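Here the structure comes first, spelled out in structure tokens, and everything after it is commentary.
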Amino acid sequence: VGFKAGVKEYKLTYYTPEYETKDTDILAAFRVTPQPGVPPEEAGAAVAAESSTGTWTTVWTDGLTSLDRYKGRCYNIEPVPGETDQYICYVAYPLDLFEEGSVTNMFTSIVGNVFGFKALRALRLEDLRIPPAYIKTFQGPPHGIQVERDKLNKYGRPLLGCTIKPKLGLSAKNYGRACYECLRGGLDFTKDDENVNSQPFMRWRDRFLFCAEAIYKSQAETGEIKGHYLNATAGTCEEMIKRAVFARELGVPIVMHDYLTGGFTANTSLAHYCRDNGLLLHIHRAMHAVIDRQKNHGMHFRVLAKALRLSGGDHIHAGTVVGKLEGERDITLGFVDLLRDDFVEKDRSRGIYFTQDWVSLPGVIPVASGGIHVWHMPALTEIFGDDSVLQFGGGTLGHPWGNAPGAVANRVAVEACVQARNEGRDLAAEGNAIIREASKWSPELAAACEVWKELKFEFQAVDTLD
């Protein structure tokens, strides 16, 4: 009765340019590169179909449900400027397609099988609009920016961090010693590298103990609250939570997770534990470039950043704009706003395809890390502002006099930049002069300035705005 077997074009069902999006729809912007001979309407409709209710042929069970209620719809297609065969296809998904509070389920639908679809040469998810109705089903960050500042009693400046190097091979005691030197020199945080988990040369429990000792000793000496991102990432969720429990028992303020390699289910579980037990959660994005670096295939980091804000994390690495790792300024500032702000307007010049309302979900502090040193401090302070963590690994530990003087140099530099900014000086124009002035009364900063005066990482960004 009305069931007609066979294959029909996707666009007959899933391309609906007259559709008016609802406030409750999840909206997606895909960069679609169709195979030669496939019209953009068919390609866009195929994406909508394969990431929602469709399959390659008509099935009789379609008659048992309301397709109009549940299908994804490609409602707009724009050619990409300067490209002959690329299109931005906008797809609207009804909210009922997704399990509440599950980033895992959201991604399984939207970026699941469709990425292997033969009719497409390449496919990239550029942005998502998450509706308030769906956001409200997530806890989000365990604490958020304001609560973190209150817990740490640190206001009015960027926070300073340092990744302990060499990233692998140190014993737990030597590792703790390196943390202590950095913290007593003036840093707020030290950090486990993302691949430090629990290896034969340094088991996790030993590391946690010696790092806790470093935290308490440096706090006693400086009168400031200190932290070390203890990486709780593990082979199973149960083991990860066990490590977080031990961190809580030690009384340290913050733990860490590699959210892409660990997975969103594990990350959300850890974020819930952290909120329930007063731990801050630092998130590392190891593996992100596998997904987000190619311009025409994969998923843009702004989508991974939004997903993290839903899943939960208090800090996330967000590129530097000035260091050794990929990140164009306008694009980076676009997703930094999406991490921190309550409401972000659509702004294609910064890669933001949709207006996003976060309806009181706490913000995430962006972490700038990777190939940065004291000469970058004015630019970083200007670009990222106060609600950020500036992380100098080699830029602290590479100081010719050792870790503590390296930490002193960074602390003096950031305090000088904040003071200059507060006095109304232009950090972009006067940055080098500000650092030079400060180095006159800080021999540690002067030595750091000398070591890194010529160093630059200058390559063209791969992922640029159209």
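Including glycine, each Cβ sits where the backbone N, Cα and C put it.
Around Lys4 (N6,N6,N6-trimethyllysine), taking its Cβ as the centre, 7 other Cβ atoms fall within 10 Å, counting all chains. Secondary structure from DSSP puts Lys4 (N6,N6,N6-trimethyllysine) in coil. The feature N6,N6,N6-trimethyllysine is assigned by Swiss-Prot to Lys4, with sequence analysis given as support.
Summarising the environment of Lys165 (active site, proton acceptor), the number of other Cβ atoms within 10 Å of its Cβ, over all protein chains shown, is 15. Swiss-Prot lists Lys165 (among others) with the feature active site, proton acceptor.
Taken from Swiss-Prot, the feature Mg(2+) binding site covers Lys191, Asp193, Glu194, and the record attributes it to sequence analysis. Neighbour count (other Cβ atoms within 10 Å of the Cβ, all protein chains): 18 for Asp193 (Mg(2+) binding site).
Positions annotated as N6-carboxylysine by Swiss-Prot, on the basis of sequence analysis: Lys191. For Lys191 (Mg(2+) binding site), the count of additional Cβ atoms within 10 Å of its Cβ stands at 28 [all protein chains shown]. Classification of Lys191 (Mg(2+) binding site) by DSSP places it within a strand.
Here His284 (active site, proton acceptor) comes close to Glu194, Asn231, Met256, His257, Asp258, Tyr259, Ile316, His317: these same-chain residues lie at least six apart in sequence, with C-beta atoms under 8 angstroms from its C-beta. What Swiss-Prot records for His284 (among others) is active site, proton acceptor.
The two recorded residues, Asp193 (Mg(2+) binding site) and Lys165 (active site, proton acceptor), show a Cα separation of 8 Å. Counting every protein chain shown, the number of other Cβ atoms lying within 10 Å of the Cβ of Glu194 (Mg(2+) binding site) is 21.
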